[in-house]
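Visitor: Straight from Swiss-Prot, here's the annotation block:
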type	residues	note
REPEAT	98-132	repeat 'PPR 1'
REPEAT	133-168	repeat 'PPR 2'
REPEAT	169-199	repeat 'PPR 3'
REPEAT	200-234	repeat 'PPR 4'
REPEAT	235-269	repeat 'PPR 5'
REPEAT	270-304	repeat 'PPR 6'
REPEAT	305-331	repeat 'PPR 7'
REPEAT	367-401	repeat 'PPR 9'
REPEAT	402-432	repeat 'PPR 10'
REPEAT	433-467	repeat 'PPR 11'
REPEAT	468-498	repeat 'PPR 12'
REPEAT	504-534	repeat 'PPR 13'
REGION	539-614	region 'Type E motif'
REGION	615-645	region 'Type E(+) motif'
Amino acid sequence: MILRNPLKSPFNSELSIFKALLMSTITESISNDYSRFISILGVCKTTDQFKQLHSQSITRGVAPNPTFQKKLFVFWCSRLGGHVSYAYKLFVKIPEPDVVVWNNMIKGWSKVDCDGEGVRLYLNMLKEGVTPDSHTFPFLLNGLKRDGGALACGKKLHCHVVKFGLGSNLYVQNALVKMYSLCGLMDMARGVFDRRCKEDVFSWNLMISGYNRMKEYEESIELLVEMERNLVSPTSVTLLLVLSACSKVKDKDLCKRVHEYVSECKTEPSLRLENALVNAYAACGEMDIAVRIFRSMKARDVISWTSIVKGYVERGNLKLARTYFDQMPVRDRISWTIMIDGYLRAGCFNESLEIFREMQSAGMIPDEFTMVSVLTACAHLGSLEIGEWIKTYIDKNKIKNDVVVGNALIDMYFKCGCSEKAQKVFHDMDQRDKFTWTAMVVGLANNGQGQEAIKVFFQMQDMSIQPDDITYLGVLSACNHSGMVDQARKFFAKMRSDHRIEPSLVHYGCMVDMLGRAGLVKEAYEILRKMPMNPNSIVWGALLGASRLHNDEPMAELAAKKILELEPDNGAVYALLCNIYAGCKRWKDLREVRRKIVDVAIKKTPGFSLIEVNGFAHEFVAGDKSHLQSEEIYMKLEELAQESTFAAYLPDTSELLFEAGDAYSVANRFVRLSGHPGTKNWKSTVR
């Protein structure tokens, strides 16, 4: 039985129809009726069915027919989207392929990104005398790799577009705009766009997307304004792109204009568009509007919730951020990381690590961005034990250990005082960037390895990596820690002469501190006096410390008074000024300062110490007794005080400036009470 019309077949499935039709070709005596095979081709749904048909056409002698070969090839490429290597086997059998066949083959190679095979095929097409059409170039341009070679090839194809008179074709123009924008040449893309593309909204979207990709958000926003002037109605894609730009430049006025446009549309806004509005308003700091839209949404997803959480985090309102975070029905990796990073930015390092522990308990696997935030928290706390565990966790879970994670590990190890481990991470890294080298220079400098830091600085330049202002700060710090005054002067001069980097306040401060420590107080003051910007209290503080160290009482008094002009409530400086006047026996001035301290109720900010024990960082503030073991700690301190008295120890109380020693002692007693007397990773400071 020959089934001429598949639609009238008694079989109730496409597979049955296909099998029946294929069987008919086997039982029929006529072998060269290719139209029969073409009709069967119409019901092929899978590559296996296609290959069965192809095999049968070869057996029955139909395959060599040029018309059938072309139909077979085009069907494989366009309807089934089959593998390109099989398509090529079909292609080479077609005698004198026309432009449609060539285009399908070029499209196939372009899709699989086969190292310029599509372009080579195009050149063969030209050799065969086949003229390209408006479909040829979009296939070629969209298939180019995004590298330097792609741009050169794309420009040559652009010349061919002009040569064959296709420069005014909209599809070709859009392909050129896309190619240039993906290669980062927005000026070239704009040149093509400005010629003829302004009637097509898809062209506008390509341009806005390109500007966003290049972080030229103001240009994206300007294009929307130009769209309105050209009476081109934006699509939802346009609005999504523009809202993304608004969120980057914090343009709340444009955000409101887009919102008004959405509100005026009769169609219901999509979830994606509502999410984009929430995110844009939150990024612009308009949290009231963002929350109002969020609450009015009929449906919300994890992106909706995350936008609100992120908005509050960026505003520094961690309380509300945590409230919304805790209410989230579903949390993804991004929402967890935002909360971890929020606490990190607020200086709540313990809380940041606690959120990470909750993330693990929830079974959520972090990514490299999460790990960078966690490692940074460990670095600030000096939590080596947790930092080591994080490194093991990264290796065990095969989290992407890229250059950013490597940089965070280097920073963490240096801040925990483990210089050797930091250097091992550096040497084990497959890739390094400017920040890697800078982290090494700064880390070595801060760990007292000035010579090694300078050696790395020169190695960095040997690798053709140019230092920046942070790198130079590390080098100057290295000279400071190692007492290399002459080299510091040379580096300070080289900032401008060799790398055109203008020294900032911190660079001047480092020079003042270094010269002061070296006893060159007058030279330090001259640098401070000639600074192109007004010195802050930190720079004056460096001069103050140096003046006290080298008994330059007049300079110390000058520096102290300058600090008090900037920070009238700085209790520590008032205390030091009292010590200066007492040392010079200027009792009248001393009484005046003390009277002022009493009159304005000035208090000095207490010092604090951090100590890591059993994977947890404990903080001790001078005079504070909130720790659970405070009673035991202070009892132990009392015992030590009595023992030192019996040992005839007389403390030096002439300088009562800093109370950090109190916090330091409390932390020290806690370590011994905890049974970890060898703990090293802790620090004492005044805030």
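Please read every residue number as a count from 1 along the shown chain.
Glycine is no exception: its Cβ is also placed from the backbone N, Cα and C atoms.
Could you give the neighbours, burial and distances for every feature on this list?
Guide: Non-local neighbours of the repeat 'PPR 1' (98-132) in the same chain are 70, 73-74, 77-78, 84, 87-88, 91, 139-140, 142-145, 149, 153, 157, 160, 164, 166; each lies 6+ residues outside the stretch with a CB under 8 Å from one of its CB atoms.
Residues 99, 102-103, 106-107, 109-111, 113, 115-116, 118-119, 122, 125, 174-176, 178-180, 182-183, 185, 195-196 of the same chain sit 6 or more residues outside the repeat 'PPR 2' (133-168) yet have a Cβ under 8 Å from a Cβ within it.
Looking only at the repeat 'PPR 3' (169-199), the predicted model's pLDDT averages out at 88.
Per DSSP, the repeat 'PPR 4' (200-234) is made up of 26 helix, 0 strand, 9 coil.
Same-chain residues lying 6 or more positions outside the repeat 'PPR 6' (270-304) and placing a CB less than 8 Å from one of its CB atoms are 236, 239-240, 243-244, 246-248, 250-252, 255, 258-259, 262, 310-312, 314-315, 317, 328, 330-332, 335.
Long-range contacts of the repeat 'PPR 7' (305-331) within the same chain, counting only residues at least 6 positions beyond its ends with a Cβ under 8 Å from a Cβ of the stretch, are 275, 278-279, 281-283, 285, 287, 290-291, 294, 338-339, 341-343, 345-346, 348, 362, 364.
Tertiary neighbourhood of the repeat 'PPR 12' (468-498): same-chain residues 434, 437-438, 441-446, 448-451, 453-454, 457, 460, 504, 506-507, 510-511, 513-515, 517-518, 520, selected by CB-CB distance under 8 Å and a gap of 6+ residues from either end.
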Visitor: Count the residues of the repeat 'PPR 1' (98-132) that DSSP assigns to helix (H, G, I), to strand (E, B) and to coil, and report the three numbers in that order.
Guide: 24 helix, 0 strand, 11 coil
Visitor: Residue list, the repeat 'PPR 10' (402-432) vs rest of chain: Cβ under 8 Å, 6 or more residues beyond ends.
Guide: 368-369, 371-372, 375-376, 378-380, 382-384, 387, 391, 394, 439-440, 442-444, 446-447, 449, 680-681
